[in-house]
Amino acid sequence: RESDHRAWTPVSYTVTRQNATVQGLTEGKAYFFRIAAENIIGMGPFTETTKEIVIRDPITVPDRPEDLEVKAVTKNSVTLTWNPPKYNGGSDITMYVLESRLIGKEKFHKVTKEKMLDRKYTIEGLKEGDTYEYRVSACNIVGQGKPSFCTKPITCKDEIAPPTLDLDFRDKLIVRVGEAFSLTGRYSGKPAPKVTWLKDDIVVKENDRTKIKTTPTTLCLGVLKSVREDSGKYCVTVENSTGSRKGFCQVNVVDRPSPPVGPVIFDEVHKDHMVVSWKPPLDDGGSEITNYIIEKKDTHRDLWMPVTSATVKTTCKIPKLLEGREYQIRIYAENLYGISDPLISDEMKAKDRFRVPDAPEQPIIKDVTKDSAVVVWNKPYDGGKPITNYIVEKKETMATRWVRVTKDPIFPSTQFKVPDLLEGCEYEFRVSAENEIGVGDPSPPSKPIFARDPIAKPSPPVNPEAVDKTKNSVDLSWQPPRHDGNGKIIGYLVEYQKVGDEEWKKANLTADSCPETKYKVTGLTEGLTYKFRVKAVNAAGESDPSYVPDPVEVKDRLEPPELILDANMAREQQVKAGDTLRLSAVIKGVPFPKVSWKKEDHEVSPKADIEVTGVGSKLEIRNTVHEDGGIYSLTVENPAGSKTVSVKVVVLDKPGPPRNLQVSEVRSDSCYLTWMEPEDDGGSVITNYVVERKDVASAQWVAISSSSKKRSHMAKYLMEGTQYLFRVAAENQFGRGPYVETLKPIKAIDPLHPPGPPKNLHHVDVDKTEVSLVWNRPDRDGGAEITGYLVEYQEDGADEWTKFQTVPMLDCVVTGL
């Protein structure tokens, strides 16, 4: 029962041991307990505890403290921290005991003399270089608990750590003018580092706008109401004896630009526009100039008019001005952050300072050809601005429209070769000059010219020679002059001179009577010797004469015939049947020889076309056939002699039919064919034979061999008892010749032989005029069924046998004996 209650509460009725555990009690309360024994008869008296018992856990010393750590070490001090034990032993911690042991000694010594409850302690007055290890214990009302685990050996010396730097800003920072910015971060290091701020390599000093704040772990640079001059490269340096770290930030304080730099320069002034230029602002506000805004104002009015706000160039054309008025120009620079103050120009009157060039003088035309001409002119006054181009125009004299001769600029040359003229057309030309103001008036037109090549006298004819002569004439021949003087050769003048005379006589009176490069000079005297010369003539006149090298004696010329064979007679000619045969030769001889063609000493076929000209002869046979082959001869003859040439002509055709087709060795399923080659192989070697067969009852021929080079073939796979026809054709490279066919059908059966002799012939009965005979079948039937037996008899002593009759059976009665 609780000490302040009178009622007892049962705990257990089933305890057989001499002890029991009472559960469900409240900590801090006081209780009385009693116990009675019981047997089968009943329960005995209770025994009660003499004094009250207060419920509480048993108290022990605390557990060991945890997480003993060294926080700082110097040459004469060590700072330690720790955490309380997990269990205080059931009583509050009353103090901690910190102990140290010099390495090399055995005992730990108490460090603190005073009562210590803080869990952090700095041990001072140590000797530099000594090494200690430390432990700490917790105490409660019961006593001192177990010590903590020892620290690692700690040597007394100043602790060193290189600086670290952790920045809150990036490499670049853009700030508007008037705004504040700050650069912050954290740092560490042992010994404590020194913090230095630089801007563009110069130390930053504090003032009323610039503030620097540094704590043992943080750093900060702040700038209030920033100005453009605050732009720059900021650097923070954290440095101690072990090293240094740096951080950088490019700060750009941006603003609208400063005004463009003047003065405004008037590069061009005209009556209706001006061109002005200026220099960029000295300060672009930290941001690239995006554009300029240009405005104009008539000085008599207060209104500024926009010209453009889109230009990025530092030059601008001011259009739409009124001639004679004075104008001012103002220019703003603009970037991403605003528009600058304006730059205002002086006043300028709109009027032309310069003008277009004057018109050139009348141009001169030279070097005219059939398709080009060179135009030449003098430079005119340039109107105050340099000439940049000349414009050359052309027109046909009868036309009204002028056309530019080229789109390309013509400068600085004062002449131009005009191409693409039409031969024979008449042209005029004019020239205009151009400067940056514009194009001036054109010059007066040039004198008209015709587009044609200039004509000079031709060069003399080339290689004149006497090619033939008779008793009263000489045939001359020559080649055209090397140069026609750019004019058409009208013809030639031929002159002759009797040897010994000084006077040259004209063989033809006008050049156009001899347009060819040959001429027959007639009316000469037989036996005399003459010189000859020839002149070429064009529209410009006569050339110098060209002379025949040697004097010519006028008399009939006699030359034996000469044959110059063309390629088609130089060797054996092969012509494919159906093509055209051509034989030709060049013939020379004086007088011209008589020509005759023969084929193997006979007249040539009437189908041959024979042509004879003054220089040769040609034989032509169209649609040749095999019979047109043979030896062709050409004979030429004149009083000075004769000459004959021959050529073998082979007309290549399909071969003729094979000869003497024979069938032998007939069997029930095969037979053997033989033949002879064709009389005519068509002029080409036989490449193969084609063998075909046909069932007599069928209309269709079937090929049984198409590649045989032999002149025989075994025809296999015949149907026994079927009648067949066979045919054979020869082939060469030009095709297949006609077939030769068997004359009569061949029946596919095995060959028949006479049967063998009957066996065992003997008589079985005899009478006075007859004999009964019997016999057995022969051993072989000869390949066919036996149809009967022929019975003959012979009188003894006679020479001849007498036929009695043919019987179908194996017996016979011979009568009439």
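Cβ from N, Cα, C; glycine included.
The feature domain 'Fibronectin type-III' is assigned by TrEMBL to 1-58, 64-159, 259-353, 359-454, 460-557, 657-751, 757-817. Residues or ranges marked as domain 'Ig-like' by TrEMBL: 163-252, 561-646.
Residue counts of the domain 'Fibronectin type-III' (259-353) by helix, strand and coil are 0 helix, 50 strand, 45 coil (DSSP-based). Averaged over the domain 'Ig-like' (561-646), the predicted model reaches a pLDDT of 88. Remark: secondary structure over the domain 'Ig-like' (163-252) totals 3 helix, 58 strand, 29 coil, with classes taken from DSSP.
In the domain 'Fibronectin type-III' (757-817), the DSSP tally of helix, strand and coil residues is 0 helix, 29 strand, 32 coil.
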